[in-house]
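If you check TrEMBL, you get these features:
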- Cys117: active site, proton donor (ACT_SITE)
- Pro12, Met13, Val14, Gln88, Lys160, His188: FMN binding site (BINDING)
- 32-344: domain 'DUS-like FMN-binding' (DOMAIN)
- 346-380: region 'Disordered' (REGION)
Amino acid sequence: MVTYAGKLVLAPMVRAGELPTRLMALAHGADLVWSPEIVDKKLLQCTRRENTTLQTVDYVVPSKAQARPETLVFRTYPKLESSRLIFQIGSASPALAIQAALKVINDVNGIDINAGCPKHFSIHSGMGSALLRTPDTLCLILQELVKNVGKPHGKPISVKIRLLDTEQDTLQLVTRLCATGIANLTVHCRKTEMRNREQPITDYIAEIYEVCRANNVSLIVNGAIHDRSHFHDLQTNHWGNSSIGGMIAECAERNPTVFDHTAHVPEQVLPWVAACREFIQWATRFDNHIGNTKYMLSRIVPGKSRFFQYFARCKSPGEIDYVLKQLNDDGDAQTDPSEYLEKCRAQEKTSKNAKRKKKQPDSLGGDVKKQKVVPLPADA
Ligand SMILES: Cc1cc2nc3c(=O)[nH]c(=O)nc-3n(C[C@H](O)[C@H](O)[C@H](O)COP(=O)(O)O)c2cc1C
């Protein structure tokens, strides 16, 4: 069974925590990785599929209309993730949380409940940090998960929370959560209304840890941890405790190599250049969605680099690959890819026009563009 004590882990991150990022984090020493939050109802719509080409397990929502592609909701690569993957569910209902957890439990190593995310996609219908205001529901979800999923499958259940308004309120909640049978508690050391740019509140980590320890629950601390050496410094000089784990989000999003025990980037290569090259390799290997690859590149490549714009203008993995080949170790362009990208856009326009022309019926004769569009009747 997975244990969490003293580990340095990749945070759950919608968009940023897809398979290429998780695998890159693991390759660079992350002890465990969290999936992005997936809402219970979404997971319940999915079909599980073994992808023999990529050797992955895919959870997809089948397409509603013929000829439309199915939607990939979650992809895991057991060869590298098995024994190190925690799946985060967004839920406000014990029954749905159980159903969703049972659906994925054989492909993951633990189930985490998101009780900290303040974003709309999470708090609508009472999920995420909204659960901090409904502790009875949160505790019931966790108890039921422990009883119906965790125990029968021998897998740990955990929860990720934020701090409440006062130390006393937080410790009260932690005491209740620890009594549900969870194996791990992650505390994002900011209050719900605090943004990531604000310094986390770390004054009473020792008190939270004491409650956890007394209940045999491990504690992971999250908030503004930069990399592994910073984590070791916090354990040694601030928390005074090597059993407390650490979770990294934004710094790992910017560079998934932050988990490294020692830096591997040769001195003559900029760290973001190395991260960018490696990320694209993972993304290509696992057929990552182009939109997600571009999102990650917009995080990894500094805004002031010309490559930030070059990658933003790409529309296919082939274009990304071409642009990457122009990137040298100093972060400069060997040749400017603008002309190539303009040609790609011109070609795209030409083929779109050709397709449009093919589709237009010519039985009416003449130029279809000039035809007046007759609105459909209101009851059509
Ligand atoms: C892009 C992004 C997506 C996130 N998605 C989730 C999520 O799905 N579930 C969750 O519990 N927290 C989510 N978070 C919050 C992080 O897990 C983490 O708690 C927060 O960023 C603080 O950690 P940091 O200071 O290391 O960035 C997300 C954060 C970011 C930046």
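Each residue, glycine too, has its Cβ placed from N, Cα and C.
Bear in mind that the values here come from a model prediction, so they are computed numbers and not experimental data.
Neighbours of the FMN site: apart from Pro12, Met13, Val14, Gln88, Lys160, His188, residues of the same chain with C-beta atoms within 8 angstroms of the site's C-beta centroid are Ala11, Gly17, Trp34, Pro36, Glu37, Asp112, Asn114, Gly116, Cys117, Ala249.
For the pair Gln88 (FMN binding site) and Cys117 (active site, proton donor), the C-alpha distance works out to 12 angstrom.
Considering only the recorded positions Met13, Val14, Cys117, the Cβ with the fewest other Cβ atoms within 10 Å is that of Val14. According to DSSP, Met13 (FMN binding site) sits in a coil region rather than a helix or strand. In the three-state DSSP scheme, the residue listed as 'active site, proton donor' falls into the coil class.
In the predicted model, the domain 'DUS-like FMN-binding' (32-344) shows an average pLDDT of 96. When the Cα positions of Pro12, Met13, Val14, Gln88, Lys160, His188 are compared pair by pair, the longest gap among these FMN-binding residues is 16 Å.
Rounded to a whole value, the Cα-Cα separation of Pro12 (FMN binding site) and the residue listed as 'active site, proton donor' is 10 Å.
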